[in-house]
Amino acid sequence: RALRLAGGQSRCEGRVEVEQAGAWGTVCDDAWDLADADVVCRQLRCGWAVRVHGAAAFGRGSGPILRDEVGCEGHEEHLWDCPAAPEHDCSHKEDAGVVCSEHQEWRLSGGRDGCAGRVEVFFRGTWSTVCDSTWYKLEASVLCRTLGCGEPLRQLSFGHTLPGRMLYQCESQQPSLAHCQWTYNKSAPCHQSRAAGVVCNGTGP
């Protein structure tokens, strides 16, 4: 048996998929809650669950629906250790999903639209700012592309007003900042830094 998350922006968010007897299938969202999702996140070494989703939030899966009315207590080692209904009355429009704490997502806040502003990252259940000590054109370019905002036009600088701090160092163009080297809440490299901001040349929502 195997487990994965599909349809998300990283391996730590997405539609819950289970492999059984050589076929990948999905989990129905009936009774799907944080305790169930916690088991999935921990099993995948993705931390804990910060959000649960139903109604095929990460797209509809295919194949069999392998679990319904999942009833984990939250401490189980594997999703298939949890009780579940043997029969289901679900369709793929009810596929369950999860966002785990080790998933990173980004936004630019305080600008004219979603493509300009202070860089903020949602990680381990909270929004944090990004230290500008190693924030250069390459890091800004990775972020602008990830957000669908084109390329960076100019760098901005802000104060740190959120509790957490993230630091990124990219060696090359990557699909997202999570693929670069990063450190979270380590004070030394962020000492006397400002919070990074960027204006991308695209326009956001």
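Just so it is clear, glycine is given a Cβ too, placed from its N, Cα and C backbone atoms.
Note that the coordinates shown come from a computational prediction; the quantities given were computed from them, not determined experimentally.
Annotated features in TrEMBL:
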DISULFID  Cys72-Cys82  disulfide bond
DISULFID  Cys170-Cys180  disulfide bond
DOMAIN    3-101  domain 'SRCR'
DOMAIN    106-201  domain 'SRCR'
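Features recorded in TrEMBL, as mapped to the structure shown.
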{"residue": "Cys72", "record": "disulfide bond", "Cβ neighbours (10 Å)": "22"}
{"residue": "Cys82", "record": "disulfide bond", "Cβ neighbours (10 Å)": "18"}
{"residue": "Cys170", "record": "disulfide bond", "Cβ neighbours (10 Å)": "22"}
{"residue": "Cys180", "record": "disulfide bond", "Cβ neighbours (10 Å)": "19"}
Please report how many Å separate the Cα atom of Cys180 (disulfide bond) from that of Cys82 (disulfide bond), as a whole number. 36
Mind checking how the domain 'SRCR' (3-101) divides into helix, strand and coil residues in DSSP? 16 helix, 32 strand, 51 coil
Between Cys170 (disulfide bond) and Cys72 (disulfide bond), what C-alpha distance do you get in Å? 39
